[in-house]
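Okay, structure first, notes after.
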Amino acid sequence: MGGWADGSVPLPSPPLPSPPAGAGRRLRSPRRGRSPPPAPPPPFNGAPGAGAGPGAVRVPAMEHPPLPLLLALALGLAAAAKSPYQQVLQHSRLRGRQHGPNVCAVQKLIGTNRKYFTNCKQWYQRKICGKSTVISYECCPGYEKVPGEKGCPAALPLSNIYETLGVVGSATTQLYSDRSNLRPEIEGPGSFTIFAPSNEAWASLPAETLDSLVSNVNIELLNALRYHMVNKRVLTDDLKHGTTLNSMYQDLPIQIHHYPNGIVTVNCARLLKADHHATNGVVHVIDKVIATTTNSIQHIIETEESLETLRAAVAASDLNSLLESEGQYTLLAPTNEAFEKIPRETLNRILGDPEALRDLLNHHILKSAMCAEAIIAGLTMETLEGTTLDVGCSGEELTLNGKPIIANKDVLATNGVVHFVNELLIPDSAKTLFELAQESEVSKSMDFFRQAGLSSHLTGSERVTLLAPVNDVFKDGLPVVDSNMKNLLLNHIIRDQLSSKYLYHGQKLQTLGDKELRVFVYRNNLCIENACIAAHDKRGRFGTLFSVDKMLTPPSGSVMDVLKADHRFSTLVAAIQSAGLTENLNRPGTFTVFAPTNEAFRAMPQGELNKLMGNAKELANILKFHVADEILVSGAVSALVRLKSMQGDKLEVSTKNNVIHVNKEPVAESDIMATNGVIYAVNSVLQPQASRPQERGDEPADPALEIFKQASALSKVSQRNPRLAPVYSRLLARMKENSGGF
């Protein structure tokens, strides 16, 4: 069949039951591509034909089973969740079914012999570990092709484990079973499971290791093979994640991991071909020769020379007991080289701080065992510290947070797995504020604070929160640092270590510059005065970093104080005083003031301006229309926000091309902060709805009149109809009264 590729496939197959008779003969499906009949259920207790022989309990057949029984069976079948392996295998079968029965689609990593059954995501991405793959179609495990037939209609011959090893691509294991005198056992009666290393797995062993095995076949090789065996039939559905199986060598444990992506590992060796049934058990082909594991993670740290610094750090943080206890962890073990890459000052600070050191080490421990073979795409893993790491792969290399820093992988322990890393992973919780900001979107702010001589507040043990403007704020360069600028920067440092998720509307915060800042919580933003938080906060050892979208402007007086101090608003100040509103804007409150500038008043016709200024009641009404009784800073305006003015009408605040508009008029300056509100400078005097000139009279339009006006053709019909004529005449008269005739 053209376009097929023969070879091993990587993931297990569904259970294939023993044929009731004629073992060794091909089971052929009907021709013309029809699917074979359903297979009988797997034999009870792993014994071929069990449950059908003498002594078996027979249930009388029911010609018409009761409906409740059928419903119960249906619900039971639906509830039986498939294992991740079975789900991936099913997807591969679906992708291969166009080529005939029992055909599976597999992805092969280009340039290697590594093959994988495909899940939906991989199928469309055509990548594994970031590398391109090619799709081939092969017989699903347990089946073979028949000349002249489409697909793989024949089941593989059923034989004992020894014979099966030769059929499934583990001829080397078969050979060594013969040499070590294991053959009689795996040819004879029983129920065994063997995790058989592939031919390539044996060939990849170091020469000295292989020599020591084959030179002592009756002890070393036999023991090694028996460690790959379990004294019962175990199918992939029985290989539960995080469980252990007792091997046939001194009952030493074999660690099983069954991952959500369908990968199944045995002591971190990946199952390549699984669930190959034999008359006396089952064969799973794996990609490595596995070795016995008797050491805990702590023991590995104590005996490995390259982990000397880590050993001292673990002892100082009292993590010894955890790393030698039962469990399933992944230790990303930093080597001596990794510690040496850290600046000495930083390393000494962390090693001398028990809390920071413990956070550092917990950041290198994952909550579950993760074998390298199970990582075929990026995933997020939780650490004991409560943070997450992005674990991925690039070709043959594992990556952490996108970096290929794993030097030695899959060192198995009794309580997990160890990967050696050549870079230290310092969590935010062990960093100073300056370290949090390195190579971030606020790095220019850090230079600014350093120039102002404020480094001591950001590197010591003082509990603070830093409001750091993002780099875009300084795209034209850093401002000159003088005494006023230093005081302003001090007001960007809050006297407490905060978390943004616990801030609430109206909260007051004290700064190192002795200013009081207000918190504003909006539907789409969280702001401190005029500066809104632009990214998730980073919590360090003693300080928290808030990235904000602009330089903070602390309030410097009431609304009236701010207006009086700005010469642009002298006409407005006089108008407020004339209208008797001075006291209102001096009192405590939460005002948003759209303040017309002197230019706005000059733009009014002189007569209209004189009339307005001479009418205190009308002037107060207009001015109140410019004031809302809630604080709205520009960072809270995303599309359209409606505010109720103190006059009663609505103000519509919107943003277009990064410019704030109020009632469609552009704002000249935003976010002039006052202790009792915020001011926007506008270059026009806003008019309430009632004061705007109307295109038509005050009387609302009559919908009936509009209909008659737009449909004059109805007039003739109406006049001819005796029932409609009087109505038409009355409406026509009303139209003439309101419009002066047509």
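Heads up, the Cβ atoms here are built off N, Cα and C, so glycines get one too.
What TrEMBL lists as region 'Disordered' is 1-59. The compositional bias 'Pro residues' annotation in TrEMBL covers 11-20, 35-45. Residues annotated as compositional bias 'Basic residues' in TrEMBL: 25-34. Among the features that TrEMBL reports, domain 'EMI' is placed at 100-154. What TrEMBL records for 158-290, 294-425, 429-552, 556-686 is domain 'FAS1'.
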Averaging pLDDT over all residues of the domain 'FAS1' (556-686) gives 95
Across the domain 'EMI' (100-154), what are the DSSP residue counts per state (helix, strand, coil)? 6 helix, 24 strand, 25 coil
Per DSSP, how many helix, strand and coil residues does the domain 'FAS1' (556-686) have? 50 helix, 41 strand, 40 coil
